[in-house]
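Input: a single structure, listed below in structure tokens.
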Amino acid sequence: MHEFDLIRQIDSFAADHDDVKVGIGDDAAVTSSNAYKDMISCVDTICEGIHFKRSTLHLSDIGYKALAVNLSDIAAMGGTPRYYLVSLGIPAEWDQEEILEIYRGMNDLAKRYGVILIGGDTVSAQNGLMISVTVLGEIETNRSLLRNSARVGDIVFASGTLGASRGGLDLLLSQGLTAHRTEEEKALVIVHQRPDPQVTLGELLKESGFRIALNDISDGLSSEIWELAEASNVCICLEEEKIPISADAIKLFGKQSAYEYALNGGEDFQLVGTVAKTHWPTIQSTAKEKGIRLSAIGSVEHEGDSQVFMQKNGERTRIKRTGYRHG
Ligand SMILES: Nc1ncnc2c1ncn2[C@@H]1O[C@H](COP(=O)(O)OP(=O)(O)O)[C@@H](O)[C@H]1O
Ligand SMILES: Cc1ncc(C[n+]2csc(CCOP(=O)(O)OP(=O)(O)O)c2C)c(N)n1
Ligand SMILES: [Mg+2]
Ligand SMILES: [Mg+2]
Ligand SMILES: [Mg+2]
């Protein structure tokens with residue numbers, strides 16, 4: 001199985017319909033709701049052994065993260081999350097109190113964003129806990145921020161810092177859940193266990209009214225930037241020195257590994273996007289007023305050929321799409 005190939009083949013079953021504004025291929029689907037609003041829907045699943053182990057997430061973190069990864073996809077559309085449904089596949093060794101603790105973690109995050117649990121499904125499973133969350137959100141008609149909106153001359157930007165989640169995962173896999181940790185170590189671990197979905201930033205970018213292409217960083221910057229380039233059919237060049245690498249990751253793992261984690265580690269759940277150069281200072285300062293860091297990390301150079309390069313000291317190399325891939 002090859003994740004991206006499989007999805008491309010599955011896409012041939014998706015019929016066109018006037019009410020489907022965005023189907024397979026972006027962070028979430030956009031469908032007509034009424035004259036004023038579009039509905040935004042997404043589903044992401046996390047599986048024991050693949051997305052978490054008992055040694056990497058507390059029970060409450062499993063719930064928190066299962067919802068957070070979906071709020072992140074709604075944020076990547078500029079949408080507002082409203083409702084969620086949860087599907088569970090539960091192996092025999094998991095007991096009821098453990099599952100309820102997972103829900104407590106999910107509820108912590110749901111309350112923060114006013115997202116309401118409206119249903120789900122519960123089945124037994126043979127190997128490993130599986131938790132799949134569907135989030136339904138909304139946005140004003142035709143205002144979604146899509147991956148295919150990048151244009152020549154745009155600034156490429158990223159929110160927050162990158163590489164922390166993969167650093168945190170390294171620490172958790174080597175030290176376990178309950179180790180005594182330094183402040184820097186704690187900071188990385190918390191990003192891995194309880195990533196902060198950028199819903200406020202997504203809404204703020206949408207509110208700007210500017211043409212903005214947007215994607216969230218689940219698989220890694222290298223992979224997400226390729227998705228923007230391919231969806232928009234443009235060539236993007238990033239500047240290595242401008243990538244906002246987590247300072248804690250640099251301190252603990254050194255600059256080279258931290259850079260690798262920022263590019264390919266994934267699960268930072270920050271946003272990466274593009275905006276016209278003239279609008280960049282406005283969105284950067286609006287975000288700053290809300291305490292959100294946005295960094296310019298590159299630019300969109302030409303169209304007609306999707307490519308991504310990394311530039312350093314005047315030399316450029318083609319970025320490999322080495323983010324996380326299932327299969
Ligand atoms: N099994 C599937 N059937 C139908 N659509 C799918 C399937 N898996 C993924 N997709 C769609 O493919 C696109 C890419 O999915 P994915 O890479 O998981 O997005 P993201 O990284 O934003 O969560 C999305 O539009 C998603 O809805
Ligand atoms: C135990 C463990 N091993 C490895 C990882 C790293 N990892 C698992 S899935 C993943 C990518 C993100 O998940 P995916 O299902 O591809 O999310 P999507 O792109 O659909 O949002 C990463 C980096 C992890 N979180 N935990
Ligand atoms: Mg996404
Ligand atoms: Mg997904
Ligand atoms: Mg996702």
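Just so you know, glycine gets a Cβ as well, placed from its N, Cα and C.
The Cβ of Asp73 (Mg(2+) 3 binding site) has 26 other Cβ atoms within 10 Å, all protein chains considered. Here TrEMBL flags Asp27, Asp73, Asp216 as Mg(2+) 3 binding site.
Taken from TrEMBL, the feature Mg(2+) 4 binding site covers Asp27, Asp73.
When secondary structure is read from DSSP and collapsed to three states, Asp44 (Mg(2+) 1 binding site) falls in the strand class. Counting only same-chain residues six or more apart in sequence, the Cβ atoms lying under 8 angstroms from the Cβ of Asp44 (Mg(2+) 1 binding site) belong to Ala66, Val69, Asn70, Asp73, Ser132, Val133, Ser218. Look at TrEMBL and you will find Asp44, Asp121 tagged as Mg(2+) 1 binding site.
The Mg(2+) 2 binding site annotation in TrEMBL covers Asp44, Asp73. According to its DSSP assignment, Asp73 (Mg(2+) 3 binding site) is helical.
DSSP classifies His51 (substrate binding site) as coil under the three-state reduction. Feature annotation from TrEMBL assigns substrate binding site to His51, Glu267, Tyr324.
Annotated ATP binding site per TrEMBL: Tyr103, Gly120, Asp121, Arg147, Ser218, in sequence order. If you draw a 10 Å sphere around the CB of Asp121 (Mg(2+) 1 binding site), it holds 10 other CB atoms from the protein chains shown.
A coil conformation is recorded for Asp219 (Mg(2+) 5 binding site) in the three-state DSSP classification, outside any helix or strand. Per TrEMBL, Mg(2+) 5 binding site is recorded for Asp219.
Here TrEMBL flags 25-139 as domain 'PurM-like N-terminal'.
The feature domain 'PurM-like C-terminal' is assigned by TrEMBL to 151-309.
Cβ atoms within 8 Å of the centroid of the Cβ atoms of His51, Glu267, Tyr324 (the substrate site) belong to the same-chain residues Ile50, Ser218, Asp219, Gly266, site residues excluded.
Candidate binding-site residues: Tyr103, Asp216, Asp219. Nearest to Tyr324 (substrate binding site) by Cα distance: Asp219.
For the pair formed by His51 (substrate binding site) and Asp219 (Mg(2+) 5 binding site), distance between Cα atoms is given as 11 Å, rounded to the nearest Å. Less than 8 angstroms from the CB of Glu267 (substrate binding site) sit Ser165, Arg166, Leu169, His192, Pro195, Ile217, Ser218, Tyr324, each of them six or more residues away in the same chain.
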